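One structure is given below, encoded as C-alpha cells.
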Amino acid sequence: MAENLANVLHEQLSEGFPDTHRNNSGEGADRRRVVEGADQELNGQPPSARPSQRLESEEDEDEELTLKYGAKHVIMLFVPVTLCMVVVVATIKSVSFYTQKDGQLIYTPFPEDTETVGQRALNSILNAAIMISVIIVMTLLLVVLYKYRCYKVIHGWLIISSLLLLFFFSFIYLGEVFKTYNVGMDYITLALIIWNFGVVGMICIHWKGPLHLQQAYLIMISALMALVFIKYLPEWTAWLILAVISVYDLVAVLCPKGPLRMLVETAQERNEPIFPALIYSSTMVWLVNMADTDAESRKKPALNSTTPESQASLRGADDGGFTTDWELRQQETLGHMESSEETRRQVQEMPRTSPAIQSDDSEERGVKLGLGDFIFYSVLVGKASATASGDWNTTLACFVAILIGLCLTLLLLAIFKKALPALPISITFGLVFYFATDNLVRPFMDQLALHQFYI
Amino acid sequence: MTIAVFFGCSFIAFGPAFALFIFTIARDPLRVIILIAGAFFWLLSLLLSSLVWFIAMKASNDKDQQLQRGLLIFGVMFSVLLQEVFRFAYYKLLRKASDGLAALSEDERSHISVQQMAYVAGLGFGIMSGAFSMINILADSLGPGIVGIHGESQYFFLTSAFMTMAVTLLHTFWGVVFFDGCENRRWWVIAVVVALHLLVSGLTFLNPIYEGSLPPAYVILVSMAVWAFFSCGGSLQNIQQFLTCWKNDAGSEVAS
C-alpha cells in the first residue's frame with residue numbers, strides 16, 4: 001500500500017497557460033505539478049471584449065510577469081521542500097529507529113550484506129529493477145483506471161493510502177520519538193492525539209481546510225513516507241532507485257507515449273480536477289463556476305474542494321456547477337431559473353456595480369509540486385545524512401544541490417511552458433554532490449578542520 | 001562540550017550572517033535565489049579543489065607528514081584561487097541575467113542593482129564557507145569529550161567560531177569590492193582581493209598560535225568593511241545623515 005502511494009505520488013511538472021487550456025481543473029488523477037497561469041484579465045469578460053491593440057504589450061508584460069513571478073514561485077517551493085528535508089534530517093539524526101536495519105520491504109527482497117562487492121552490486125541492481133517495475137506497473141494501472149473513468153477505485157486507493165500514512169505511520173513515528181526522549185505516555189492520551197491528528201489530516205487533505213494546515217499535513221506525510229523509504233531501503237539500492245526513477249520520470253513525462261504524459265493529456269481533454277491529496281499547492285485554488293463551454297474561463301468555487309467538482313464532472317452535465325439540491329431550493333424560493341450559456345453570458349456582460357475584487361495576481365499564480373518529488377528529495381537528503389559517516393557537510397551539499405536543481409527546473413518551466421519532470425535535474429545534482437562530497441570534500445575538510453586552516 | 005559552548009559558538013560564528021539574512025535578504029525572493037546560487041558556486045569551487053588535492057594526496061607518499069602538510073597548504077592556496085575564479089564566473093552569470101531581466105522589463109532597468117547582487121553573492125559565498133568550516137565542529141561540541149586533552153589549545157571551539165565569523169563577513173565584503181572592481185574595470189582591485197584572501201588563509205597556517213591569525217584577520221576585516229562601504233557609495237556624509245536623522249522625526253531616511 002505504501003508503495004502504491006509512493007508511485008501514485010510520483011509526479012511531473014507542468015504549466016498551463018490561460019490561452020491554451022485551464023489547467024486549474026486540468027490534470028488527472030496522477031501526480032503533476034502545474035504552474036497556474038491565472039487569467040485575471042479574463043475574469044468574467046467574454047473573450048471577444050479584449051481590445052486587440054493591447055495584445056503586444058500584454059505579451060511582453062506576460063513574459064516579464066512570468067519572470068517576476070518566477071522568483072516568487074521558486075521561493076514558494078523552496079520553503080516547503082526545505083521544511084520537509086529539515087524534518088527528515090532532524091528525525092534521522094535524533095531518532096535512531098530510522099537508521100536501524102530491521103529488514104527490508106518485499107519489493108526489495110535481495111539482501112545487501114553479502115560477501116563480495118560484486119554480489120552486493122548484483123543484488124542492489126535486482127532490487128532496483130523490481131522496485132521500478134512495480135512503480136511502472138502501478139503507474140500504468142493508474143492510467144488505465146483513469147482512462148476508463150474508474151474514479152471510485154482511485155479515490156478509494158488514495159483514501160486508504162492516506163489513512164495508512166496519517167494513522168499508522170504517524171503512530172509508529174510518535175512511538176519512536178517518545179522512546180528516544182524517554183517520554184512516558186499512556187495509550188489513552190496517545191489514542192486521542194493520533195485520532196485528532198489523523199482525522200484533521202484526512203479532512204484537510206481530501207476535503208476543505210485552511211491552506212497552511214493542508215500544506216503542513218502534506219509536508220508531514222511526505223516526510224513520513226520518506227522516512228519509511230530511508231529505513232527500509234538498503235544503501236546501494238536506494239541510490240540506484242533514485243537514479244533510475246529520475247530517468248523514468250524524464251521518460252514518462254516527455255516521451256509522447258509516456259504514461260504520465262498520456263495522463264496529462266487525457267485530463268486536459270476532460271478538463272477534470274486534480275486530486276488534491278497528491279499535489280502540494282502554494283495558493284488557494286480560487287475557482288468560480290462561470291463556465292464557458294470552450295473551457296476558457298472555467299473556474300470552480302472556493303477552498304480546495306474537489307468533491308463538488310468531481311461530482312459535477314462525473315455527472316457530465318453542464319449544470320453550471322450548481323448541485324441539484326441547490327437548484328431545487330432556488331426554484332422553490334425564486335421561481336424557475338436556469339443556469340445556461342445564455343444566462344451566464346448575460347450576467348457576465350452586465351456592468352459591475354462594485355469594483356471587481358482585484359485578487360492579487362501573484363496570489364493567483366500559485367505553484368504546485370507533486371508529493372512524490374518531496375518524498376524523493378527528502379529520501380536523498382535523509383540517506384545522505386544517515387550514511388555519510390556522520391558528516392553534516394554532505395547533507396548541506398545535497399540540500400543546496402537539490403534547491404538549485406529545483407530552481408533550474410522552474411526556470412526551464414518558465415521558458416518551455418509545458419509539463420516537465422521535477423526529479424531529474426535535482427536528483428542528478430544531489431547524487432553527484434553526495435558522492436563527490438562524501439569521497440573528495442570530506443577528507444579535505446577534515447584535514448583542514450584538524451589543523452584549523454581556513455580556505 | 002556543553003550546550004553553552006554549542007550555542008555560544010554557533011551564535012558567534014553565524015549570528016551576523018543570520019542577522020544579515022533575516023533583515024536584508026529573506027523578504028526578497030530574487031535575493032534568496034542569488035544567495036543560494038552563490039552558495040552553490042562556492043560549493044563547486046570547493047569540489048574541484050578537493051578533487052585536485054585528493055589526486056595529489058593519493059599520488060604521494062602517505063607516511064610523510066611534512067609532505068602531507070605541504071600538500072594541504074598547496075590545496076588551500078589552490079582552493080582560494082579557484083574560489084576567486086568562481087566568484088568572477090558568478091559575476092559574469094549575474095551580469096548576463098541582470099541584463100536579460102532589464103531588457104524584458106518595461107523601464108529597461110533591473111530590479112536589483114549590481115551592488116545588491118554583489119552583497120548577496122558575497123554573503124552566499126560567506127555563509128557556505130562558514131557552514132562547511134564550522135558545522136561539523138559544532139556537531140562535535142555537543143558530544144562528550146575534553147578539549148585539548150593531548151596538549152593542544154583549549155580554545156579550539158572559540159577560535160574556530162571567531163575565525164568563521166571573520167571569514168563569512170570577509171567574503172561578503174570581498175564580494176562587494178570584487179564586483180565593483182569588475183564593473184569599473186579596475187583589475188588592481190581584483191588582484192588586491194585575491195591577495196588578501198590568500199593572506200588571510202595563509203595566516204591560518206600559523207594556528208594554533210592564534211595571535212598570529214585572529215587579530216590580523218580582524219584588522220583586515222575592518223579595513224575591508226571600510227573599503228566596501230566606500231566603494232558602494234557610502235561616505236562620511238551618509239554616516240552623518242544616518243546618525244542625525246535619528247533626531248529628526250520620520251525624516252529623510254538614508255537608504256544605503
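Glycine is no exception: its Cβ is also placed from the backbone N, Cα and C atoms.
Copied over from TrEMBL, here are the features:
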type: COMPBIAS; residues: A:18-36; note: compositional bias 'Basic and acidic residues'
type: COMPBIAS; residues: A:303-313; note: compositional bias 'Polar residues'
type: COMPBIAS; residues: A:338-347; note: compositional bias 'Basic and acidic residues'
type: REGION; residues: A:1-60; note: region 'Disordered'
type: REGION; residues: A:297-363; note: region 'Disordered'
type: TRANSMEM; residues: A:74-92; note: transmembrane segment
type: TRANSMEM; residues: A:125-146; note: transmembrane segment
type: TRANSMEM; residues: A:153-175; note: transmembrane segment
type: TRANSMEM; residues: A:187-205; note: transmembrane segment
type: TRANSMEM; residues: A:212-230; note: transmembrane segment
type: TRANSMEM; residues: A:236-255; note: transmembrane segment
type: TRANSMEM; residues: A:396-416; note: transmembrane segment
type: TRANSMEM; residues: A:422-441; note: transmembrane segment
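Counting only same-chain residues 6+ beyond the ends of the transmembrane segment (A:187-205), those with a CB under 8 A from a CB of the stretch are 159, 162-163, 166-167, 170-171, 174, 213-214, 217-218, 220-221, 276-277. For the transmembrane segment (A:236-255), the most Cβ-contacting stretch among A:74-92, A:125-146, A:212-230, A:396-416 is A:125-146 (pairs under 8 Å). Most Cβ pairs within less than 8 Å of the transmembrane segment (A:212-230), among stretches A:74-92, A:125-146, A:396-416, belong to A:74-92.
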